[in-house]
Amino acid sequence: MNRFKMDPNLKWMIKINSLMVNPIQFDRLNKDDKCKLDQDKYVLQKIIRSHITGIIVMLLVYGLILGFIDFKSLPIMYDIIVLIFMATGLLQSIVYFYNVLFESQDYDIYKTLPVKESYIVIAKIISVALASCSAVAPILVVSIASAIRNGRGLMSILGVLDFILIFMVTMFLGAGISTLIGGFNIRKKWRNLFMNLVNMVNIIINVGFVLSMQYMFRDSIMKMMSSRASVYGPISRLMMSNLWHILALVAVALLLIIIYKPLMRKLLKSIKNYNIVGDKGTNKERTTKYTKGKKHVNNRSASILPVLVKYNISKLIDSSIIMQNLFSVFLPLILVSSSFSSVLRDLNFDPSDLRANLVFGLMISVGIGLVASCIPSNIFSIVVSIDREDHDYLKILPLSRKKYFLSKFLAGIIMQLPLICVILGLIEWYVGIRLSIIPICIISLILVVLPIYGSWMLYDIEHRSDKWQNITELNTRLDSASRFLLIFLVFIVFFGLVMLPHTFYKYISYGILFTVWSIILGLLYVFFFMKYRGLRKRLNI
């Protein structure tokens, strides 16, 4: 039995790398007093528990959504869904591999252990696989459901093998791409820019998938169902025959075995040769920004609050922040705008009807407000942590913490809110809402987003970190399962706001409209003040 026992050094390396997959999450857990007493036990337990919870949540939620698709009539849907989740898992694994393979810079420590060099890479791959599994877990449900729908009986077990091989291909690709990035002789800021691009594409895929089932595939599905003609993709066509299915699985498995050793050699070589070129230039730029910040904050000739706001805006005007945190907010707004126009078109919306303008104008403002402010990677979720080590310097200035946090909040408002108001105005003008009603709707939007933005800022205050390497790490402090659930719930509420007036429009009076709108606002502000009160006592804000 001892021959099957895992090498204790390999087990230890897997534990350590599991902590380093997401450095900010580790830093947050490590601040827990209970975790400090026994880091190996409690921190690792929490991280592994979060991975397992994420996998279970993804299996349950997507199992309910995708498990009932008729893959026999719509076989190409299997190819599309596999491609989407494989892409999501790949993009997430690239970031994780980059963290554990290169940013950790721990190869010299592991070399002192009496283990094979290949074990160092294997430990890192296993740790990333544990963290990335939740992103591709729905493929397991879809593969088994597709096999059952097509009446394969006992051969449905091939669905499990499909998932395992797809997951392995995703890990191999993620490791290979991150190795190429780490091996490039370029400045660290360009590597971080690539990581930001990866995260942005991941956001597009996640948000796009939530809406694609209703919009992107609707016409093609209706055509296939009306013509009773099944359309196959490359994967689903191979799966038509059990023999070809098995041969494809064997071919992929052999390919992975052939690639394995060259990939391990390339990974080890890249880790050994990894060094950050141009760090001095980067540190010089950071020092310049830090010095400018000091001059701005120490300028006593003007009111300190405007100076702080201007200083914080200068921190937020960064290409990676604009690319990730602003783009991730605006993309969903563009995608959901078609929902409102289709609903109003179905209702034969009359622009001259004042009640209709108010009902649907306020509905749109609340829906847009919730979508724009609840996306986890908005500016307010990073506005405090963005200061990094400057935060400790600013704490010693003769400056109240309330004013410091208020300047952060105002800077975020200036950066994000005006553009969202413009988008709302354009959407309402496009769907035919009266121009005189649009200002009321913009005020409604502002009242909706303020408590949610405040709650995100409180989240950042509570989980502030100065150990991040790129913006992607800050945006992934919330685990993947929680991010997915939040986005999923937001879109459920959004589609509820779209459909309820559609169904009950004739019963909605001015009184009912004002009551519902007030209840929504009341709940948002109660949640914010409860969170603020609790955090104020703990952190003495």
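Yeah, the Cβs are placed from backbone N, Cα and C, and that goes for glycine too.
TrEMBL does not curate its annotations; it predicts them automatically.
Features of the protein shown, as given by TrEMBL:
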TRANSMEM  51-69  transmembrane segment
TRANSMEM  75-98  transmembrane segment
TRANSMEM  119-148  transmembrane segment
TRANSMEM  154-181  transmembrane segment
TRANSMEM  193-217  transmembrane segment
TRANSMEM  243-263  transmembrane segment
TRANSMEM  321-340  transmembrane segment
TRANSMEM  360-384  transmembrane segment
TRANSMEM  405-431  transmembrane segment
TRANSMEM  437-459  transmembrane segment
TRANSMEM  480-501  transmembrane segment
TRANSMEM  507-528  transmembrane segment
Inset, instruction - May I ask whether the transmembrane segment (437-459) has at least three C-beta pairs under 8 Å with the transmembrane segment (119-148), counting pairs 6 or more apart in sequence? - result: no
Highest Cβ pair tally under 8 Å against the transmembrane segment (243-263), stretches 75-98, 154-181, 360-384, 437-459, 507-528, lands on 154-181
Report yes or no: does the transmembrane segment (360-384) come within contact of the transmembrane segment (480-501), defined as 3 or more CB pairs under 8 Å with a sequence separation of 6 or more? yes
Across 51-69, 75-98, 437-459, 507-528, the most C-beta pairs under 8 Å with the transmembrane segment (480-501) come from 51-69
Per the Cβ under 8 Å criterion, with at least 6 residues separating them from its ends, the transmembrane segment (154-181) contacts 82, 86, 89-90, 92-94, 96-98, 101-102, 125, 128-129, 132-133, 136, 139-140, 143-148, 191, 194-195, 242, 245-246, 249, 252-253, 256, 259, 263, 266-267, 270
